[in-house]
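Below: one structure, written as structure tokens.
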Amino acid sequence: MRIGILTSGGDCPGLNAVIRGAVLKGIKEYDDIEFVGFRDGWRGVVDGDIMDLPRSRVRGISKQGGTILGTSRTNPFEGPNGGPEKIKATLDRLGIDAIIAIGGEGTLAAAQRLTDAGLKIVGVPKTVDNDLDATDYTFGFDTAVEIATEACDRLRTTGESHHRCMVAEVMGRHVGWIALHTGMAAGAHAILIPEHPVSIDQISQWVSEARDRGRAPLVVVAEGFVTTDMEMPHSERGLDSFGRPRLGGIGELLAPEIEARTGIETRATVLGHIQRGGVPTAFDRVLATRLGMAAVDSVVDGLWGTMVALHGTDIVHVGFEKALGNLKTVPEQRYDEAAILFG
Ligand code: F6P
């Protein structure tokens with residue numbers, strides 16, 4: 001059997017560990033499995049652009065950031081060679097029997113449509129934002145939180161030296177998991193997440209309280225956060241190839257407002273793609289490796305239209321529809337728990 005692996009959507013640390021886990025499991029546990037990789041996500045599928053993935057190609061890659069296959073946000077239903085019929089013909093020509101698609105919501109939604117049309121696809125959930133439902137954690141999230149926490153620790157020492165308020169903007173398009181965990185770990189005086197709009201006056205009050213206790217206030221804000229006065233997340237950099245607004249900049253927007261209301265000199269830092277680069281943490285390497293191995297079992301068992309997922313400490317198989325129905329948002333109770341520490 002010949003299995004094609006693809007990585008699609010925004011990259012995150014751990015993708016290479018999934019690829020290595022799948023290839024090693026397939027080669028060591030099953031007799032007649034070989035692997036190829038599609039270059040740049042669905043683009044490689046549509047164009048039939050593949051590379052061999054022998055065991056030697058995945059040697060030592062679980063600690064490497066990024067993806068050795070490349071990624072893109074290509075929609076497999078678009079273009080002259082897109083759509084289920086043409087893709088099926090391409091796979092037949094290349095002798096590829098099944099696909100392991102590693103990706104987030106957009107990737108898995110496309111995989112679901114293609115599976116419904118008869119293609120043999122299983123999924124591996126991937127999102128640094130940790131916003132996919134039906135899995136407790138996604139790999140890459142732990143690494144992003146680690147990087148963002150270290151950055152906040154650094155912002156605090158410079159903030160304390162200058163008696164400033166520091167605003168750290170982290171990723172989190174629809175959900176605030178990175179902000180919540182980073183803020184808690186770094187001892188932030190306010191954590192601002194998309195699920196819970198608050199007013200600029202409330203933010204300023206938390207900042208003032210921290211200052212009045214002699215602290216240099218730290219505010220952690222997710223890129224998708226909106227104040228109670230805003231209708232849409234801040235975005236002035238146009239749309240990406242999926243037509244989604246490119247977010248970022250809310251920190252810069254908040255900083256002068258906080259400064260004007262509190263009188264505390266305030267600086268904003270956008271962590272951006274630094275959170276998605278570099279080596280994965282040990283937790284992410286282990287999770288990603290286990291997911292890659294389990295995805296091969298899904299293929300061997302013919303579990304088309306399912307993805308592997310983490311439930312507690314177990315890896316399980318769930319239907320795409322379970323992951324795609326809802327975003328995994330931060331529950332109100334988790335926000336309230338963190339909010340006890342604000343101010
Ligand atoms: O979805 C993951 C994510 O990192 C979001 O947090 C962020 O808004 C987006 O990707 C950035 O995407 P790009 O790499 O295309 O700028």
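For all residues, glycine too, the Cβ spot is worked out from N, Cα and C.
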ATP binding, same site as Arg73, Thr74, Gly104, Glu105, Gly106, Thr107 - TrEMBL member from Gly10, Gly14, Gly21, Gly172: Gly10
Entries of Glu105, Gly106, Thr107, Asp129, Arg173, Ile274 (recorded positions) sitting next to ligand 1, with Cβ under 6 Å as the cut-off: Asp129, Arg173
In the chain carrying Arg276 (substrate binding site), residues 6 or more apart in sequence that have Cβ under 8 angstroms from it: Gly10, Asp11, Cys12, Pro13, Val128, Gly140, Ala144, Met171
Among Arg73, Thr74, Gly106, Thr107, which are recorded as binding-site residues, the nearest neighbour of Arg173 (substrate binding site) by Cα: Gly106
Collapsed DSSP category at Arg276 (substrate binding site): helix
Gly10, Arg73, Thr74, Gly104, Glu105, Gly106, Thr107 excluded, remaining Cβ within 8 Å of their centroid (ATP): Ser8, Gly9, Gly41, Gly103, Ala110, Phe242
